[in-house]
Structures are given as C-alpha cells and as structure tokens.
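Student: This is the feature table in Swiss-Prot:
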type	residues	note
BINDING	Ala6, Met7, Ser8, Gly9, Gly10, Val11, Asp12, Ser13, Leu32, Gly125	ATP binding site
ACT_SITE	Cys101	active site, nucleophile
DISULFID	Cys101-Cys193	disulfide bond
SITE	His126	site 'Interaction with tRNA'
ACT_SITE	Cys193	active site, cysteine persulfide intermediate
SITE	Gln339	site 'Interaction with tRNA'
Amino acid sequence: MRVLAAMSGGVDSAVAAARAVAAGHDVVGVHLALSTAPGALRTGSRGCCSKEDAGDARRAADVLGIPFYVWDFADRFKEDVIDDFVASYAAGETPNPCLRCNEKIKFTALADRAVALGFDAVATGHYARLEDGVLRRAVDADKDQSYVLGVLTADQLSRAMFPIGDTPKEQIREEAAERGLAVANKPDSHDICFIPTGDTRAFLGARIGVRPGSVVDADSGEVLAAHDGVHGFTIGQRKGLGVEGPAGDGRPRYVTAIEPETGTVRVGSAKNLDVWAISAQRAIWTSGQAPEGPVECMVQVRAHGGLAQAVAEAVDDGTSGGGISISLREPLTGVAKGQAVVLYRPDSELGDQVLGSGTISGTESEPNTL
C-alpha cells in the first residue's frame, strides 16, 4: 500500500512513519508548510510547523530512507483554520483550531492531494486507534487525541492510519531512540501553533479590533466593567475579567454567558456554569449514518476533560449533517458555543469508540428528567 506520512518534525509522526515503513508499505514523507510569514508560527520545541520542525522531519525521513517533500498549504490553512478561529471568537464562540486543522487540512486538503497522486492512505502521529473504520481512544489515556479526530467522516477515516495509538508515549520515545531518530527526546508541542506569543487575546484583538461592551453581573444585571470585545472571553474564564472582588456570594467570578449581539459578557459564581443539556449542529457520524433513536453514551467537550454520561439523539435542525440533542445525566461546566462535542460508546476492553461529533450551538442549565 502507498502511504503518505504527514511528518510534523516531532517524535510521534516520525515513529508513525517508521512503523508504516516497517509494515512493508511504500512510504513517502511530507511536511506541511502552513505559513510564509516570519515568526507566524511557533519555532523550536514548542512548534509543529516551523522551519526547524521541517528540518527535523527531513532528517527523520533520511534515517528511514524514504522520499521527503515540503508542501505549501499556507493559504488553505489561513482560510480554513486561522480565519475560522478569528471569526468564531468574534461571534462569542470558543473554537478548537486543532479539530479544524484535522478536518480541513490534514484529512481533506492533504488527503485529497494524496489520493490524486495515487496514495492509499495518510499516516499521522495521532494517539488514537482505528480498525475497520472504527475510531477508538488510544491506549495511552493521557495522550489520547480521539477528541480532535472526532470530526472526521467515515470517508476521511477510510483514508487514515494512526500507527502509534496502541503504544504509550514513553515507549514511542524509546522506539525512536532505538531507530536512531534524533527527535526521540524532543519536547511535545503545546498551545496554538499560529500564535507565537501565546497571547490569544492580543492575537485576536489585532485582527478584530476594538468592539466595546460591558461586563455584567449575571444575577443582578449590574454593569461591573467595560471591555474591548467579546473575543477576549470564553465560558468558564476566571482571570482577566477586569472586575475587582468576588461575586455576591463571596466566591470567585467566572464568565457564564457571552452575548455578541450586544457585546455583553455576564459573570457570576460557579453555580451559573452548570449545563444539563447541549444542542449541537453540523453532526458528523463516524459510521456514515446517524443512529436511530436515543443513544446512551459519554460526551466530551474539551480535548482534556469535560466528560459526562449522556443520552444523545440525532435531530433534523436544517444544518448540514443535521443536529444532535444531548441530555446529560450529570452536569458539565465550561461548555461554550463553538466547541466540539464528541460522543463515545464506552468499552473498557477494546477502548471507547467514537460515535460522532457536532458543534455546540446552545446549552440549557436546568436539570433534566432522564
């Protein structure tokens, strides 16, 4: 089988490529150039797409004895990931750019080019397991990345390979060292690759500008402070609110609601954050077909954490793919519009199975009667 190995310059993708070679596949390595602007992406050990990372990927390919190329996807990345990220925050949402990159860049733009060039699959260094079209959590629970892959369709999964999902991270590093890969001890990348400073608020402010609004007490309606734009806030945020002192009950204040139409950011105590029901749109089902009737499942709303028992049901909401109505058996906090909600079928033996996902469009704070 002809396999295109996406090589970020890190240890995970290098070992994924090595395993594809060891499995007897005809492997070609490729690094995605996602920006041409100096300093636009993180560099060194904290990045995944910098010139230094491209060099590390090339050296790993040389060790493996496979052809290697750098492909320019900068324009597509800006349009589908960066611009989408900015627009979502301007609308008071909280997007995850890693999901969008997987959905639009790695497993659409890259995969489409791979197929056009005669490749059968794209291999990446994601920590997840995929067998017969079924996507499951990785063996290494701490490194599991099935959440950021939950946006992939059945067709996209049919062209994907995740060679390292059955192995703990430390063993991957040991294997890299045994294979003579210089990236064996390279630190993991963190944060958002296209925000070099790590200051998301400043990054967004430079692109959205000042859109004044008010910070309002969620219970009393009292205006507590002014702000420069809703893009500086996310649900559950505690720091940087521009408000002195605790909430009326003496406890810390959190962002509990964002209203982009009026520029209002509501803050209150933690009790205002509980969510018992979630509405999601643009549903994606990994099997290619929506389930019939209610489904008992676990839902996850963040890459790390935000997990709860639930009952989910596909609904016709007029959006592409339809919607998902989710009733929680226990409350979640910090649930924001724009986040992805990923549904899992628990399986302690084989690993939790990803059923599908949707983009959160609304929440309800009243307990349900399941």
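Each residue, glycine too, has its Cβ placed from N, Cα and C.
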Student: What three-state secondary structure does DSSP assign to Leu32 (ATP binding site)?
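Tutor: It is in a strand.
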Student: Fill in the CA-CA distance, Ser8 (ATP binding site) to His126 (site 'Interaction with tRNA'), as an integer in Å.
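Tutor: Computed Cα spacing between Ser8 (ATP binding site) and His126 (site 'Interaction with tRNA') is 11 Å.
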Student: I'm trying to understand the geometry here, so how far is the Cα atom of Gly10 (ATP binding site) from the Cα atom of Gln339 (site 'Interaction with tRNA'), in Å to the nearest whole number?
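Tutor: About 27 Å separates the two Cα atoms.
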Student: Taking only the recorded positions Asp12, Leu32, Cys101, which one has a CA atom nearest to the CA atom of His126 (site 'Interaction with tRNA')?
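Tutor: Checking each of Asp12, Leu32, Cys101 against His126 (site 'Interaction with tRNA'), the shortest Cα distance is to Asp12.
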Student: Looking at ATP and its recorded binding residues Ala6, Met7, Ser8, Gly9, Gly10, Val11, Asp12, Ser13, Leu32, Gly125, figure out the farthest C-alpha pair and report it in angstrom, whole number.
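Tutor: Roughly 16 Å, rounded to the nearest whole number.
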Student: To the nearest whole angstrom, state the Cα distance for the pair the residue listed as 'active site, nucleophile' and Cys193 (disulfide bond).
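Tutor: Computed Cα spacing between the residue listed as 'active site, nucleophile' and Cys193 (disulfide bond) is 11 Å.
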